[in-house]
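Feature annotations, courtesy of Swiss-Prot:
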type	residues	note
ACT_SITE	Glu257	active site
ACT_SITE	Asp278	active site
ACT_SITE	Ser289	active site
ACT_SITE	Lys291	active site
BINDING	Glu257, Asp278	Zn(2+) binding site
REGION	85-233	region 'Inner membrane translocation domain (IMTD), targets to YciB'
REGION	88-377	region 'CT domain, sufficient to interact with CdiI'
Amino acid sequence: MVNATLSVVQKNSAFVGSATGELAARAIGMLYPGVKQSDLSEEQKQTISTLATVSAGLAGGLTGSSTASAAVGAQSGKNAVENNYLSTNQSLTFDKELSDCRKSGGNCQDIIDKWEKISDEQSAEIDQKLKDNPLEAQVIDKEVAKGGYDMTQRPGWLGNIGVEVMTSDEAKAYVQKWNGRDLTKIDVNSPEWTKFAVFASDPENQAMLVSGGLLVKDITKAAISFMSRNTATATVNASEVGMQWGQGNMKQGMPWEDYVGKSLPADARLPKNFKIFDYYDGATKTATSVKSIDTQTMAKLANPNQVYSSIKGNIDAAAKFKEYALSGRELTSSMISNREIQLAIPADTTKTQWAEINRAIEYGKSQGVKVTVTQVK
């Protein structure tokens with residue numbers, strides 16, 4: 001997808017093509033001051049690559065004629081239009097077929113089944129597209145699905161002035177159900193940076209990012225600002241948790257583990273020293289690994305990428321877990337529907353470190369592991 005995005009950008013203008021290198025260079029200077037490009041670790045290069053892709057995609061949107069030009073090529077747009085759940089035209093056709101059938105008094109279940117099958121077949125492609133090309137799903141698929149959904153909400157009186165409207169409340173309900181499901185799927189499963197790229201490449205939003213022309217430094221700053229935002233789901237006091245940062249597992253890790261357990265069933269806790277996971281809720285089939293990372297150590301402040309590496313290691317362990325038994329408690333992969341990591345970090349975590357945390361969260365999604373972050377102050 002990186003190559004697809006950059007190719008669109010480079011086709012828009014020679015300037016944007018050459019600007020991609022500057023985007024990366026500026027990102028390196030902002031995130032890793034004093035570090036030469038040749039000295040970047042592989043994971044640091046991945047971070048820069050992601051930022052450059054977001055920024056370059058945004059730049060492409062500024063030089064192109066539409067949001068789609070920033071995200072995907074014309075062919076991918078064509079494919080999306082031809083292969084989507086129920087589009088505007090499909091919704092109208094379904095509405096007409098169902099309305100005519102009801103008026104004739106026939107058995108209309110075959111019509112409903114036919115269109116549900118079409119919707120399901122086209123919707124099934126979204127799962128793979130969210131893995132292979134999430135930016136296309138955000139830019140084009142979402143708009144087509146939304147078009148079909150919006151058709152159900154057009155008031156009937158518009159039909160009196162020549163505007164096409166749906167007339168069957170039954171058909172509207174089906175389209176809302178089918179397309180609403182796909183819209184939710186796209187929103188929930190799209191990587192966060194693609195949502196930023198779509199937002200930033202919209203002409204109505206570009207005024208906030210560009211003044212007097214294409215300003216590469218502003219675009220890069222915007223991308224970094226988005227990626228480095230604080231995404232903690234909660235903030236708690238250290239005294240409430242009973243933990244002390246930098247004081248070892250007994251005063252940092254264990255108190256946090258106990259705190260997380262307060263919101264889980266009493267029998268969810270696994271035996272001490274259980275492999276990978278600390279809790280298992282049989283009712284929800286959720287296995288939870290409780291972790292805490294002190295981001296304020298000299299090593300992690302000097303090299304924020306260590307934060308990503310630590311979380312990634314925890315994610316990989318949770319994703320690859322197969323089975324384990326200890327003290328009469330057994331846990332197997334077949335018992336697990338949800339794998340989660342409850343992560344605690346200091347409230348003083350830097351923006352650069354947050355960029356690494358957010359990258360790890362997105363990586364977790366790709367591995368089927370949900371990472372929830374709580375900051376402890």
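Each position is counted from 1, following the chain as shown.
Glycine residues also receive a Cβ, built from the backbone N, Cα and C atoms like all the rest.
Shown here: features listed in Swiss-Prot, placed on the structure.
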residue: Glu257; record: active site; DSSP class: helix
residue: Asp278; record: active site; DSSP class: coil
residue: Ser289; record: active site; DSSP class: strand
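Reported as a whole number, the C-alpha separation between Ser289 (active site) and Glu257 (active site) equals 9 Å.
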